[in-house]
Amino acid sequence: MLNDFGKIAIAEIIFYIPVLLISLGVTFKHGFSRKVGWVLLVIFATIRILGAVLLIITQTQSNPSSGIITTAGIVQSIGLSPLIVATLGFVSYLAIHAFPSLTRPLHLIHILVTIGLILSVTGGIDASPDHSPSDQKDGRNHSKIGSILFLAAYFALAGLQVLLHGVRERFNDNQIKFLNVLSLALPFLFVRVLYTVLAAFTAKSSGPSKFSSISGDWKIYLFMGLLMEYIVVLIYIIGGLKLAPGAEQEGPGKYELGTTRTGSEENQAEGGGWRIPAGLPGGRLASRLETVKDLLHH
């Protein structure tokens with residue numbers, strides 16, 4: 001029989017299946033390679049559906065294996081990462097457009113999120129019941145560090161958005177609208193990241209934390225976790241549906257949303273051929289997913 005978390009998992013599936021389909025539509029509208037943030041929304045919705053299904057399985061089986069329980073916890077913990085990386089991808093396009101020299105700092109933020117993701121996965125694995133108390137303690141510490149890295153990445157993204165609002169004249173109307181969409185989601189994303197931090201730092205060996213997304217206080221999870229995610233995702237999707245795909249204008253900020261020119265790319269601009277720099281966060285999506293897959297297999 002499903003408890004409150006199991007019933008919430010059913011609601012997650014009902015919500016995220018349409019989100020997955022709409023996100024696919026938005027991604028096709030804006031392009032897979034040119035708007036990688038949209039692709040990450042698809043990945044995020046997929047992870048959320050998978051996590052909900054696994055949670056329901058653990059509750060409907062009379063004696064679920066520790067492997068399924070651990071996997072469900074890991075999927076729940078890594079679900080936040082694609083949402084942060086999607087935000088990072090969106091902000092990167094605007095930030096590099098306005099400040100080409102920000103490429104390296106943006107790479108640093110990406111590294112923070114990637115390390116946070118890896119630590120969340122290893123923390124979830126080590127904290128499983130079939131591991132030794134020492135491993136469980138290490139797992140909790142890994143989760144704490146990972147959550148702090150997520151929080152640091154959030155504050156970096158928030159600071160970048162404040163900076164971008166100060167140079168709005170460098171963007172065209174389409175880009176300004178997109179910046180406003182990102183800023184609207186910012187406070188809700190903060191609450192969601194804060195929930196992850198609280199869940200990591202209140203976890204203990206004697207029992208589950210009330211901030212646990214599997215066995216804690218379901219009301220806290222519903223408000224600080226799911227509701228905040230829903231709002232952020234809906235803001236991004238509605239913004240993606242309303243934004244013109246690749247609108248270009250003359251004058252300040254005439255470049256297409258999601259494009260930038262830095263250094264050697266000036267020559268490409270003369271010929272009208274625009275390409276996203278290979279170093280942007282979304283360009284490393286495949287390698288990051290391979291890292292996570294390898295960790296889960298071990």
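Even glycines carry a Cβ here, placed using N, Cα and C.
A Cβ distance under 8 Å defines the sequence-distant neighbours of the transmembrane segment (6-26), meaning residues of its chain 6+ beyond its ends; these are 38, 41-42, 45-46, 48-49, 51-53, 55-56, 59-60, 218, 221-222, 226, 230, 233, 237, 240-241. Summarising the annotation, TrEMBL assigns transmembrane segment to 6-26 (among others).
Taken from TrEMBL, the feature domain 'DUF7702' covers 6-243.
The transmembrane segment annotation in TrEMBL covers 38-57 (among others).
As annotated by TrEMBL, transmembrane segment applies to 77-96 (among others).
Per TrEMBL, transmembrane segment is recorded for 108-125 (among others).
Per TrEMBL, transmembrane segment is recorded for 145-166 (among others). A Cβ distance under 8 Å defines the sequence-distant neighbours of the transmembrane segment (145-166), meaning residues of its chain 6+ beyond its ends; these are 80-81, 84, 87-88, 91, 94-95, 98-99, 102, 105, 109, 112-113, 115-120, 123, 179, 182-183, 186, 189-190, 193-194, 196-197, 199-201.
Here TrEMBL flags 178-200 (among others) as transmembrane segment.
Within the chain carrying the transmembrane segment (220-239), a Cβ under 8 angstroms from the stretch's Cβ atoms is held by residues 5, 8, 11-12, 15, 19, 22-23, 26, 37, 41, 44-45, 48, 83, 86, 90, 177-178, 181, 184-185, 188-189, 191-192, 194-195, 198, 210-213, all 6 or more beyond its ends. Summarising the annotation, TrEMBL assigns transmembrane segment to 220-239 (among others).
According to TrEMBL, the feature region 'Disordered' maps to 252-274.
Residues 2, 5-6, 9-10, 12-13, 16-17, 19-20, 23-24, 26-27, 30, 32, 64, 68, 71-72, 75-76, 78-79, 82-83, 85-86, 89, 214, 229, 233, 236-237, 240, 282, 285, 289 of the same chain sit 6 or more residues outside the transmembrane segment (38-57) yet have a Cβ under 8 Å from a Cβ within it.
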